[in-house]
Amino acid sequence: MKLRYLNILKEKLGREPTFVELQAFSVMWSEHCGYSHTKKYIRRLPKTGFEGNAGVVNLDDYYSVAFKIESHNHPSAIEPYNGAATGVGGIIRDVLAMGARPTAIFDSLHMSRIIDGIIEGIADYGNSIGVPTVGGELRISSLYAHNPLVNVLAAGVVRNDMLVDSKASRPGQVIVIFGGATGRDGIHGASFASEDLTGDKATKLSIQVGDPFAEKMLIEAFLEMVEEGLVEGAQDLGAGGVLSATSELVAKGNLGAIVHLDRVPLREPDMEPWEILISESQERMAVVTSPQKASRILEIARKHLLFGDVVAEVIEEPVYRVMYRNDLVMEVPVQLLANAPEEDIVEYTPGKIPEFKRVEFEEVNAREVFEQYDHMVGTDTVVPPGFGAAVMRIKRDGGYSLVTHSRADLALQDTYWGTLIAVLESVRKTLSVGAEPLAITNCVNYGDPDVDPVGLSAMMTALKNACEFSGVPVASGNASLYNTYQGKPIPPTLVVGMLGKVNPQKVAKPKPSKVFAVGWNDFELEREKELWRAIRKLSEEGAFILSSSQLLTRTHVETFREYGLKIEVKLPEVRPAHQMVLVFSERTPVVDVPVKEIGTLSR
């Protein structure tokens, strides 16, 4: 904990904090949990949807999509397999906690080389729980040598009448924790994720260990509880464990809680109370319910071979009281726990758009990664990995699109414009599959905001301005700061996850045709919406469209080959730094933007 934060805590408590309180506040006031540097910026963003563990956006009168992106950067740097695997598990539970069945996973990976453990961790976890990994992006650069970025997006479909809130609503409710048993893994994981990676700061206890088969049981058990009307509120046990989940549930409802740590199911019997409180053991959920429903919840948990118990009561007094075998362990105001100190923000005024140079990341065939993922489990994947946005079908009717996108190569040259272009190019990719953009989730990956607060301000200002320009609001998000090694930061990397609404039956597939480059060589903000109108028009006419920041990659070539097609194009001598839009059509597109024939797609 920062010394300034410690002094604030002493002042608020009116005394010296106890050992247990220091452990608790070091977690809850960490950057990972408390968002001290970004909370004021986040309040400025245009928002949409039902907020909770994940953002929820309506597709129609019957269905909504819950979706969110999160980072597991620090754990994946230390222990690639478990770090990446538990990143998948955690974001799946965030979506699940809204009452949604998880239906899709996307990843955005930035590293200096393909780290097999990270790929295997994502693949093994996603494949084992039966949720398809339908796409993502892979960027290889030495700029991420010591700080790989592992950002994972999950989405799920929920009936509008089955949405679950993320708070307690009245005194007298109880909180049930169920899932895997609690051990010492992941203790102070949230604090570790808020630090520079230099030196020997990470220990085995900082890295969570996942069990995808327990996660699968957890998914089915929780959805059964929701279907029976037993769940009145829910929270994933992620960063901060029991402490974070139970305190957030009551803080959001302006209530309090009495937590009994001796009721938490353990797999290590000699754990200290503070260890039980902040352990980040995986595959656990907290459910708010009525006392009379608790026994049925525990019955369902046992049926699915999961542990569980009633661990807390919701009270009217706004305090967070922790007990262990009838001894008082901690008692503090619940809102003090939930509201970390906030750092002042820096106002940023953008300059003119620069003349970007192409910063080539190492080209890789991402199909070598995609092929480790099961993208067809569930049989709802309409557009598979390889071309950008994925399209998912909803069994009743309709569908949604997802895409992840980043432009660290541009943000490295100008943080503001590189970040803004990443959002606007995500709109291009979404429109390219015939979808209408609905909302975004985002992950702000940044270095040290104490050293360079201006860069963070540039990122957050660009995100706000891009959302306002495009009319696509934010539904959820995540910030991962202190991605530094020996004081050297990563490039400012905003990863955008964009959700769109689409009719899967009208999604174009590649077929033999001419290839056209559509749009301008230079990025011009005032003309961007003209390009969007052109993409929308051509998509409605049935053209297959590919938007790519590298024009044509090995991944695209190999993906066309999967369709039995061969692409031949003449690349321009000077390729633009921004994303190009390729239109595949038998005749020259008729649109109000520049069009140039550059090749063919043939059998």
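The backbone N, Cα and C atoms fix where each Cβ goes, and this holds for glycine too.
Quick look at what Swiss-Prot lists:
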type     : residues                                                                          : note
ACT_SITE : HIS32                                                                             : active site
ACT_SITE : HIS72                                                                             : active site, proton acceptor
BINDING  : TYR35, LYS68, ASN442, GLY477                                                      : ATP 1 binding site
BINDING  : GLU70, ASN478                                                                     : Mg(2+) 1 binding site
BINDING  : SER71, HIS72, ASN73, HIS74, ARG93, GLY189, GLN208, GLU280, SER281, GLN282, SER480 : substrate binding site
BINDING  : ASP94, ASP236                                                                     : Mg(2+) 2 binding site
BINDING  : ASP107, GLY136, GLU137, LEU138, ARG139, GLY388, LYS429, SER549, HIS556            : ATP 2 binding site
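Where Swiss-Prot records a feature, it is marked here on the structure.
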residue : record                       : Cβ within 10 Å
GLU70   : Mg(2+) 1 binding site        : 25
HIS72   : active site, proton acceptor : 30
ASN73   : substrate binding site       : 26
ASP107  : ATP 2 binding site           : 29
GLU137  : ATP 2 binding site           : 19
GLN208  : substrate binding site       : 28
SER281  : substrate binding site       : 27
LYS429  : ATP 2 binding site           : 28
GLY477  : ATP 1 binding site           : 24
HIS556  : ATP 2 binding site           : 22
Task: Separation of alpha carbons, the residue listed as 'active site' and ASN478 (Mg(2+) 1 binding site) (Å) - done: 9
Task: Output field, ATP 1 shell: CB within 8 Å of site CB centroid, site TYR35, LYS68, ASN442, GLY477 dropped - done: ILE42, ILE69, GLU70, THR441, CYS443, VAL444, VAL474, SER476, ASN478, ALA479
- [ ] Can you tell which of HIS32, LYS68, ARG93, ARG139 has the least company, meaning the fewest other C-beta atoms within 10 angstroms of its C-beta, among these recorded positions?
- [x] ARG139
- [ ] Using only the residues recorded as binding ATP 1 (TYR35, LYS68, ASN442, GLY477), report the maximum Cα-Cα distance in Å, whole number please.
- [x] 16
Task: binding-site residues compared (SER71, ASN442) - highest count of Cβ atoms within 10 Å - done: ASN442
- [ ] Could you check what DSSP calls TYR35 (ATP 1 binding site) once collapsed to helix, strand or coil?
- [x] coil
- [ ] Using C-alpha atoms only, work out the spacing between the residue listed as 'active site, proton acceptor' and ASN442 (ATP 1 binding site) and round it to an integer in Å.
- [x] 14
TODO: Report, in whole Å, the straight Cα-to-Cα distance of TYR35 (ATP 1 binding site) from GLN208 (substrate binding site).
DONE: 21
Task: Spatial separation of ASP236 (Mg(2+) 2 binding site) from ASP107 (ATP 2 binding site) - C-alpha basis, Å - done: 20
Open item on the list: What's the number of neighbouring CB atoms sitting within 10 A of the CB on TYR35 (ATP 1 binding site)?
Closed with: 19
Task: ASN442 (ATP 1 binding site) to SER480 (substrate binding site) - Cα separation in whole Å - done: 11
TODO: To the nearest whole angstrom, state the Cα distance for the pair ASN73 (substrate binding site) and HIS32 (active site).
DONE: 11
